[in-house]
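Look at Swiss-Prot and you will find 445-452, 1075-1082 tagged as ATP binding site. Annotated compositional bias 'Polar residues' per Swiss-Prot: 658-667, in sequence order. Swiss-Prot lists 93-377 with the feature domain 'ABC transmembrane type-1 1'. As annotated by Swiss-Prot, domain 'ABC transporter 1' applies to 410-633. Positions annotated as domain 'ABC transmembrane type-1 2' by Swiss-Prot, on the basis of sequence analysis: 715-1005. The domain 'ABC transporter 2' annotation in Swiss-Prot covers 1041-1274. The feature region 'Disordered' is assigned by Swiss-Prot to 658-691. Under the heading transmembrane segment, Swiss-Prot lists 93-113, 136-156, 205-225, 227-247, 322-342, 351-371, 710-730, 761-781, 836-856, 858-878, 954-974, 977-997.
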Amino acid sequence: MLPVHTEVKPNPLQDANLCSRLFFWWLNPLFKAGHKRRLEEDDMFSVLPEDRSKHLGEELQGYWDKEVLRAKKDARKPSLTKAIVKCYWKSYLILGIFTLIEETTRVVQPIFLGKIIDYFEKYDSDDSAALHTAYGYAAVLSLCTLILAILHHLYFYHVQCAGMRIRVAMCHMIYRKALRLSNSAMGKTTTGQIVNLLSNDVNKFDQVTIFLHFLWAGPLQAIGVTILLWVEIGISCLAGLAILVILLPLQSCIGKLFSSLRSKTAAFTDARIRTMNEVITGMRIIKMYAWEKSFADLITNLRKKEISKILGSSYLRGMNMASFFIANKVILFVTFTTYVLLGNKITASHVFVAMTLYGAVRLTVTLFFPSAIERVSEAVVSVRRIKNFLLLDELPERKAQEPSDGKAIVHVQDFTAFWDKALDTPTLQGLSFTARPGELLAVVGPVGAGKSSLLSAVLGELPPTSGLVSVHGRIAYVSQQPWVFSGTVRSNILFGRKYEKERYEKVIKACALKKDFQLLEDGDRLVIGDRGARLSGGQKARVNLATAVYQDADIYLLDDPLSAVDAEVGKHLFQLCICQTLHEKITILVTHQLQYLKAASHILILKDGEMVQKGTYTEFLKSGVDFGSLLKKENEEAEPSPVPGTPTLRNRTFSEASIWSQQSSRPSLKDGVPDAQDAENTQAAQPEESRSEGRIGFKAYKNYFSAGASWFFIIFLVLLNLMGQVFYVLQDWWLSHWANRQGALNDTKNANGNVTGTLDLSWYLGIYTGLTAVTVLFGIARSLLVFYVLVNASQTLHNRMFESILKAPVLFFDRNPIGRILNRFSKDIGHMDDLLPLTFLDFIQTLLLVVSVIAVAAAVIPWILIPLVPLSIIFVVLRRYFLETSRDVKRLESTTRSPVFSHLSSSLQGLWTIRAYKAEERCQELFDAHQDLHSEAWFLFLTTSRWFAVRLDAICAVFVIVVAFGSLVLAKTLDAGQVGLALSYSLTLMGMFQWSVRQSAEVENMMISVERVIEYTDLEKEAPWECRKRPPPGWPHEGVIVFDNVNFTYSLDGPLVLKHLTALIKSREKVGIVGRTGAGKSSLISALFRLSEPEGKIWIDKILTTEIGLHDLRKKMSIIPQEPVLFTGTMRKNLDPFNEHSDEELWKALEEVQLKEAIEDLPGKMDTELAESGSNFSVGQRQLVCLARAILKKNRILIIDEATANVDPRTDELIQQKIREKFAQCTVLTIAHRLNTIIDSDKIMVLDSGRLREYDEPYVLLQNPESLFYKMVQQLGKGEAAALTETAKQVYFRRNYPDIAFSSPAVMSTSNGQPSALTIFETAL
């Protein structure tokens, strides 16, 4: 497995001094680098030792394990929260001290503001002592401001690090658990859900730690402020506080509603992402079946449900944001209305001290406190989901029992087990067998007999209900569907072992990979993507086998590895790899290829989970039991022993000498013809995930907003926002004006000594009330409308992206790993649904506030503009400097996140393999390495934003200091109201300004998600689904296919995989297509289905395929694909997604493929929901479902792509027989590795290196000893070749000379005087 990240820079924080830590100076070199060039992974600092994934995960896991034990003792449910608290409470509690100091400073600040305003109210130009005292107050005010600037960011940095630690530890635990899940537990969860835990749920820890301390700091601060307000304005302060108190339960109600909506949303999101995962995985099949519309409807419906919940929760959020915006105004309004009505006179110092005090407590009470409640309630939901996952059943730990006497053994006795306890019939019943070193145990039986389950029992994946399995020795396992992980081919084969050249070369040779490595562009250094996207099926199977052989285990469990390769390679693998390289091992081989049974030490026949027969090949022949009939029906002739009397290898009939002689002497396809690159799947290499550079363009914003609403509506929204802000400021200005008038009136009163008149209270109060009401209305309206537009935009863009994905050519899915495409649908759409609208609204509100603060300050004290100019310049330069680096850091964070998910989903796909090789530890290390890489990026993301914020707040602090001291210098020309307004406004600027700038950067960062989604909305499209030129209704009547000089490549820059192919396939002809792995067989089908556009012409019944719509073309051909795909949903949906058939037709189709009973046994019959990707059916059964689909479609052209590779001979025969009956009137093309399935075809097409080498009747080709087809048949061994030639001859004469009675001489071959179980097959089409 590849190292994740090569070079590591030491973390400068470890050696930083106190000043450097306070102001984040240690980051300066990084910013310099970011200013000069684009940052890469090598620029990131290594993770601090205490933040390493392994350390954090194991620490928390320890606490969780203790908690589980304690809960068991106390007979209660374990609590994950308890484990988290016990693990982290000390370090987190210390951070509370920061909160305490910071909030105290916030509360004390207004007192000094009041003293300065007081000085202006009692202004006396001769009193120098008062002036000096005022300067003292200004200094203390400035000091408070500086303390806040530094402390706030230190606190935030530390709590976010705490959040990161919990998240990383959780991910480590989730992955560790995923590797240990029992199979019954895997049934209860899906890959999608586990990925969702890792992509969404754990992120809640990052957010909850930030606000948690405010749960106690909020109420404390409120008490402090109340006391100060009481001193300042007496009992009327209670009126204002009453509003605050009313707001709290209102907000917690909103919070509760919000969290219930969130958990519903999460369920819908899970379902959508799960379905999306399957759609992307099965895209090739969906395209060939032309099922896009059905899946589009499915996803659209899921998305509609999800969006309705998201809109609901967004409106609640909108109300919350609005209440934050207007709370202050309402509180001040109520307070001063009460104050005035109680007969008090308004003064500037009262107004602005109260305003600032309320401002201090308002942030905490209306934002941090409710956020804490909301985040805690979200975190509780997430912790519950994670806890439920962590409590799922695990596989019992199996000790790898080393053989005591050095002898490996597999012993199974009376073994009975169920995959699903709900079903009445056990999966395996009463199995008993023993296998010892040097034995090859072959397991055969029809589809669904329990062959793979038998291997899983030996692996320990299927726990026994009764009976016993004892395994001594190390196991290697090769799964039926090959599993490879992202990395090079070599790292897949080594699978964590040391590279030993000699052993490696031997393994490569035994697994027939040598030739492939010469042809692959980078040999075994080729990097294969997710699910081995760049290897053909046969290559993947051989790489898997090579992995097993290289491990040098004692016991080999091989689940039908020979079915994915052609006969010649299969023979090579069997002789060289299974019989020779593994001859001293215990080998249990599940196979459908009966010709190899002769070499087996024992044969085990399974049917319906029970062992029908067990014995050696010769015993079966002697006793003539049922196996004989099974063989008669299905055996493809077993190879006769090379020379009687040659020394045998552990009684396998191939001797070493004969194998080597065969190797060197036989004329082979491999020697004869230079083989082209394995062109089947050498699509273009997996490109790096694109990281767009530089600014987010205006175009992205334009597309985003126009997706949400019409331009007319957007202009209206802008005006609404501006008007709201104007009224917001007017309300404060009116209060200041009122205080000034009142002050002037008092002064006159004092000067004259008699009352000259009072202010008209109703006039001032009336206007004040009006302004407040309008502010509230505008505040709420703009909040809700912004959310409406942005959620709508997310919905529109999701639909466009999904539509674009459905219309993208297959190449796109081969080039991009599932994780990368899914990331857009989960992470990026998640951002657009949830965080972007919230951040955007927040940004607009704070930006407008900042602008109004500066405007008011400048209107009152024009000279403020003088220091503003240099401060603004510094700010602009700083922001640009910061964004150069922060953008790169954010993108690095996104791109280092993908591998974490890819590694998880890849591990889940190869779970059995990983466990069989005991590679959990190694996978866990790799996962931790991926996590650490992501933590490096995340750590930089946190610290760089703090670096910027500290500097911004410093600019604001300078602004406050200038205003405070400046107003004292100009004391003569100012009155108290003006100073109060300017100073109190500039104090609110402190947190507000840096928050608005950070939110602007945040919006820009989140717009990357929008950009990534928009990038997928205009992918290259395949041809249109429907064209104006529609084929006639019953087309094709005949099913004649003409290839006219066809060249085919998967991508413009890729190699040609079909070259100058010209062929005519007549109506109702059955054509077999053969050739080595990678000869271009599957590409021929891709060209026919136009999965990529072919050059040259392909005609079907005189209609040029490139002239009609893709759906018109694809719907008219049926395909039984190589890898059968079922989708989550009902069996009915899987057979007939468009509801075009009646129940009766569906049951009839199922009956014809002998699945009716299996489906009737399900609890909901045809409406039973299938497990993810139909994993509750065996591969063979899934293949039969594909056949049922083809039967239902009743098309004139049927294509079979190695469909019977994974099924037993009986099912194979069933499929062949159904194809003969049902598709007699159709044109059938069959790609086959088993030559017996196509020997009775009308024609055989032999492809090699993308060229059509031979095309004629099988018998005609077999008459020419130089033909490739002849050589292929001869490689099966003399007897088998004779039998096939005989069949071909009969078919030939029956077809061409029907009048001549043709009887075949019995073919009888004896080996050692024993009649071999040789029969002629009436199989295939």
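Glycine residues also receive a Cβ, built from the backbone N, Cα and C atoms like all the rest.
Counting Cβ pairs closer than 8 Å and at least 6 residues apart in sequence, the transmembrane segment (351-371) and the transmembrane segment (322-342) reach three or more and so form a contact. In this chain, the transmembrane segment (205-225) lies out of contact with the transmembrane segment (954-974); the count of Cβ pairs under 8 Å, excluding pairs fewer than 6 apart in sequence, is fewer than 3.
Recorded stretches compared: 136-156, 227-247, 761-781, 836-856, 977-997; the one with the most Cβ pairs under 8 Å to the transmembrane segment (322-342) is 227-247. Cβ atoms under 8 Å from those of the transmembrane segment (761-781) belong to residues 318-319, 322, 325-326, 329-330, 333, 336-337, 340, 720, 723-724, 727-728, 730-731, 734-735, 738 of the same chain, restricted to positions at least 6 beyond its ends. When Cβ neighbours within 10 Å are tallied across all protein chains shown, the highest count among the binding-site residues Val447, Ala449, Ala1079 belongs to Ala1079.
Within the same chain, the transmembrane segment (858-878) stays apart from the transmembrane segment (710-730): fewer than three Cβ pairs sit under 8 Å, each pair at least 6 residues apart. In this structure, Thr1077 (ATP binding site) belongs to neither helix nor strand by DSSP; it is coil. In the structure as shown, the Cβ atom of Lys451 (ATP binding site) sits within 10 Å of 28 other Cβ atoms. Here the transmembrane segment (93-113) has long-range neighbours at 137-138, 140-141, 144-145, 147-148, 151-152, 154-155, 158-159, 162, 213-214, 216-217, 220-221, 224-225, 228, 352-353, 356-357, 360-361, 364, 980, 983-984, 987, meaning same-chain residues at least 6 beyond its ends whose C-beta is under 8 angstroms from one of its own. As a quick check, the transmembrane segment (136-156) and the transmembrane segment (836-856) miss the bar of 3 or more Cβ pairs under 8 A, pairs 6 or more apart, so the two do not touch. Across the domain 'ABC transporter 2' (1041-1274), the prediction's mean pLDDT works out to 85.
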